[in-house]
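Everything below concerns the one structure shown next.
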Amino acid sequence: MSTSNDNVNFIPDIFRSLLAITIGILLSKYTNFSFNFQIPIIAFGVVTTMKKFSIKIFFSNYWWISFFAALGLLFTEIFRENILAFAVVTFAVFFSCFFFSYKHPNGIRSSILGYSFTTIYATYSDKVVENMVVDIVLVTVLGGIIGWILLLIFPTKEENLGVKKSQREDIDKDIFHIFKITIIVFALWLAYMFFDIRDTFFAYATLAGIYTNLNLEKIHKLSFLNITIHSLGCFLAIIFSFFINGISNNPFIFAFALMVFIYPMVYIGYYGKTPFQKIFFFGLIKAIILPICLYLTPYGDIVTKASTRALQITIILIFSMFLTRFLLFIEGGTNE
């Protein structure tokens, strides 16, 4: 049976997406910015969600992480000597984010990520968090510039490039329900504040992002899906590292090999027969980008670090699955 995608030529869009990812990853590998993996992710997001580059849409989609990272730094400085007040303010920030998550789910995920990043890392004396905030702004701008240039050189004829803006009209806005979700994420934030477990930060970020759905049944199901996507993404990044290390570190060969490697995923993301295929493969691409950007370096141990990342995410999301099942049992909810 044919679908609407059968009559649409996505080849130019696929090529533009491949360039966005490849140029972004290359740029991230030759810079030392914090959150440098955001360069290809933002560039990829721009070329897959915009018909023409719009500065208004760009800021609407991507300013959140920078603003809340700066807000987290501000609150850290204000409440550095009063941890109780800091905790109360942080709880209020998280609650507000979850309460308004139905309006802009992707932005709220970025908000929690940015705020948590600076507030958690500011507790360590070996990190200059002010520089990290500047880096976050810079990588956001760089990703936007790459996307803007590619849309300018290779304009698209299709409004919908495979990813639609999330619709959240069905979200449960019950205050008590949001309060419970906030407590869970806030408790994890406290654990990161008091214990030196920052190396698992992105596992926390993954979990916090899932909880912006605010639907326990959906959170429960998304936990397993995210385990699959992130574990497979880390595994494929390791496979790619074996492949590229055996060929050359030449940037041109690296770029060509990367485009060949991710092409099948981008292709299915555009031509997928179901929305799930599109979501899964675009999510898989993002899961591959992070370990390649962070760990695939001449002196990096991508095998150990990517495997550890996959294990950390798996453990914390399995914990999430048990927790959500327990909460659903208490509420009398059902899971399939």
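Just so you know, glycine gets a Cβ as well, placed from its N, Cα and C.
On a predicted model such as this, the values are computed, not experimentally measured, just so you know.
The transmembrane segment feature in TrEMBL is assigned to 7-27 (among others).
Under 8 Å from some Cβ of the transmembrane segment (57-76) lie the Cβ atoms of residues 35, 38, 42, 45-46, 49-50, 86, 89-90, 93, 104, 106-108, 110-119, 122, 129-130, 132-133, 136-137, 140, 143-144, 147, all in the same chain and six or more residues away from its ends. Residues or ranges marked as transmembrane segment by TrEMBL: 57-76 (among others).
Residues of the same chain lying 6 or more positions beyond the ends of the transmembrane segment (82-100) and with a Cβ under 8 Å from any Cβ of it are 68, 71, 75-76, 108, 111-112, 115, 119, 173, 175, 178-179, 181-182, 185-186, 189-190, 211-212, 214. Annotation comment: TrEMBL describes 82-100 (among others) as transmembrane segment.
Here TrEMBL flags 136-154 (among others) as transmembrane segment.
Remote same-chain residues near the transmembrane segment (175-195) are listed as 87, 90-91, 94-95, 98-99, 112, 116, 119-120, 123, 201, 204, 207-208, 211, 214, 323, 327 (criterion: CB distance under 8 Å, separation of at least six residues from the stretch ends). Taken from TrEMBL, the feature transmembrane segment covers 175-195 (among others).
What TrEMBL records for 223-246 (among others) is transmembrane segment. Same-chain neighbours of the transmembrane segment (223-246): 206, 210, 253-254, 257-258, 261, 280, 283-284, 286-288, 290-292, 295-296, 302-303, 306-307, 309-310, 313-314, 317-318, 320-321, 324, counting only residues six or more beyond its ends whose CB sits under 8 Å from a CB of the stretch.
For the transmembrane segment (252-272), same-chain residues at least 6 beyond its ends with a Cβ under 8 Å from one of its own Cβ atoms are 5, 10, 13-14, 17-18, 21-23, 25-26, 161-162, 236, 240, 243-244, 278, 281-282, 284-285, 288, 292. If you look up TrEMBL, you'll see 252-272 (among others) marked as transmembrane segment.
The transmembrane segment annotation in TrEMBL covers 279-298 (among others). Proximity of distant same-chain residues to the transmembrane segment (279-298), defined by a Cβ-Cβ separation under 8 Å and at least 6 residues beyond the stretch ends, is recorded for 21, 24-25, 28-29, 36-37, 39-41, 44, 48, 162-163, 202, 225, 229-230, 232-234, 236-238, 240-241, 244, 249, 258, 262, 265-266, 268-269, 272, 305-306, 309.
Counting residues 6+ beyond its ends, the transmembrane segment (310-330) has Cβ neighbours under 8 Å at 180, 184, 199-200, 202-204, 206-207, 210, 216-217, 219-220, 223-224, 226-227, 230-231, 234-235 in the same chain. TrEMBL lists 310-330 (among others) with the feature transmembrane segment.
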